[in-house]
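K.L.:
Mind having a look at this structure? Questions to follow.
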Amino acid sequence: MENIVITNTSGGGGGGVPSSSTDPPNNTTTTTATASAIDLNMSLSPFLSSPSLSSPSIQSAKKKTIEDFIIGKVLGEGSYGAVVLGTEKETQQQYAIKILEKKQIIKENKIKYVQIEKEIFCKSNHPNIVKLFFTFRSEQCLYYVLELCSQGDLLHQIKKVGSFDYRSCQYYVAEIISGLEHLHSLGIVHRDLKPENILMSSDLHVKITDFGTGKILPPPQSSQQQQQQQQQQQQLPTNSSGNLSSLLNNVNNLSVSTDLTQQQQNRTSSVDSASTTDSMISPNLQPTTTTTNNNNNNNNNNNNNNNNTAAGSNTNTNTNTNINTNINANINNIKTTEIPKLTRNNSFVGTAEYVSPELISNKETSTDSDLWALGCIIYQMASGRVPFRGKTEFLTFQKVSNRELVYPINMNPVIKDLVEKLLVIKPTDRLGSSSTPGGFDNLKAHPFFQDFNWSSLSNMSHPPPPIQPPQEKIIFDGDELFSPSLDCTTPRNNNVDENHQQNSCNNNNNNNNNINNINNNNNSSSNNISNSNSNSNSSNNLNISNGNLSTPRSSSSSSSQQPTQRSGSSGGSRDGGSSSNNISKWLNNGENVIYQGLVWKRKGFSIKKRQLILTDTPRLIYIDPKKMELKGEIPWSDSIKPKLKSNNNFVIKTPKRKYLLEDVAHNPQKWVDSIKSVILSSGSSN
């Protein structure tokens, strides 16, 4: 493993709380990028000397910077950035460091959600939720120093064994429920709960992570607050000026600040008044849009008009005209990228295979949405397959909305009953719903947990049961029973903050014995859950496993924190497989793929996952494997030189730049050899 020490952090931005001496003031007239960068620094300032709720082990008030860590290999991807292995120089303690580029956050208009993720980490103090230890920043990046989970993710564990036996399934579902119950008690909805976002600690305990799409629900209103809100609504005019005023309020709320901030801080202090952190979202942050002095005056006029209207004052034609004019002025100055903020609470987030029906239909999400995802996870742990999968994302959504799922013919009836009670279309009817008396207690009382000791979860030193496959193989109607192996699947990677790539299948060497068990043991014990190696390739992600372009790797080496991809093997032509069809639009006529695979592309503080493609023309192009967009090309010349750097890393030197790359498949030598081979062949042809 190659260790890379990052030294060129900014002197004033490496850590600590922003002060007037280091942070520029918030000017009302500024450019979008400058204002956003200032807001981002203020919103995501590092911790004070006191630890956060999530981090009881923070030792001192010393301000951390990236210079305090040795940066190692890439572990994976979070919602808005790469995650790398970081070793603290002073203690040699290892962490997972999430690196977020400021300019990327601003460009994608994700400031609000980065703030929310940090706030959720700070609020959460539970053994089954990943801990946040430090946050700090440099001039270019924000850094989250997180608990390292060295055993990968739950999906990796499922793929190792095919499916979980009854005892291991019971234990790990209980740990997920324990962490989920804690989140929901704080009013937190994960909204993207899935096996890839459930990590495994070194001692194989569940750690829920990745809150980039999470949501913090407002605290329930008292009857007095509800009456006040109704009175305010009755005071609003019903004419067009009232509607325009309402729109103006929405437009003015397009800011990185939020009224929810103080409520969240109050909730945090009520959990532990001794724990103090700095304000995570500054109440005085300015909108990220570019404004002028005239527009600022318009904003002031709008606010005055709105206040008068809310107070029940009389409005005349001139006032209505001013409101119309000012609203149009504000709307014209709003960037189109900010409009989604108006409907964020109703927008689609999550991953298609685990998303709940109410999110697809654009209804308001709630904690009950996570219960649907829990049902999908239990189904997958018990069967090895996701319950809902279509050939396209749209068809998957249709299956979810219509609840079209098929159970294995020999699925344990107790587990099936639990899944049935969670995968319910109406959110409030799901087992464990907060809208029903009992809530999570009802879920814990299900017969699946009949002999489970819930109090044992508080003792994390107690080892969990071994993760192992059941005694009999699970069978779906229509499976080819005598096939030596079934296709392996991972869920499609539809979210911006996903961190897992397709890995190879497990082969079942005991199919004939398993088939005999199915025939002879129709009334098998409820403790036996079948094994399955089934899943299918995503149609949305690059697939390089077809034809002679790929060589499968053993699934035992996969990990969510070290995402792996089957690397391409030398193949002189496109063979018409799905891989070739997916990338053909970026190839010229007669151009053939020589080698391709996933790499981590490093440039300064930026770490991006890319699909690198070597062709015979020759060319080296790289593609965003999620968005399926061409991102760039490494310029080819007679002086291009590939060089091996370590077991994972290689460098491609061009006259103007060095490209530092890390092979996700851990075979950088294959890249070096392939490029050298093309260099020789192109030289001989010339």
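Note that Cβ sites are derived from N, Cα and C of the backbone, with glycine treated the same way.
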K.L.:
Which stretch, out of 55-99, 100-144, 595-639, is listed as region 'PIF-pocket' by Swiss-Prot?
P.N.:
100-144
K.L.:
Give the number of CB atoms, excluding that of G81 (ATP binding site) itself, located within 10 Å of its CB.
P.N.:
26
K.L.:
Whole-number Å distance between the CA of E147 (ATP binding site) and the CA of D192 (active site, proton acceptor)?
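P.N.:
About 20 Å separate the Cα atoms of these two residues.
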K.L.:
Let me check the 10 A CB neighbour count of E147 (ATP binding site). How many other CB atoms are there?
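P.N.:
Its Cβ has 19 other Cβ atoms within 10 Å.
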K.L.:
Let me check the 10 A CB neighbour count of C149 (ATP binding site). How many other CB atoms are there?
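P.N.:
There are 23 such Cβ atoms around C149 (ATP binding site).
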K.L.:
Could you find out if DSSP has C149 (ATP binding site) as helix, strand or coil?
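P.N.:
Once the DSSP labels are grouped into three classes, C149 (ATP binding site) ends up as coil.
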K.L.:
Radius 10 Å, atoms counted are CB only; among the recorded positions D192, E196, which position scores highest?
P.N.:
E196
K.L.:
What mean pLDDT score does the domain 'PH' (593-682) have in the model?
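P.N.:
The average pLDDT of the model in the domain 'PH' (593-682) works out to 91.
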K.L.:
How big is the gap, in Å, between the Cα of G81 (ATP binding site) and that of D192 (active site, proton acceptor), rounded to a whole number?
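P.N.:
Roughly 16 Å, rounded to the nearest whole number.
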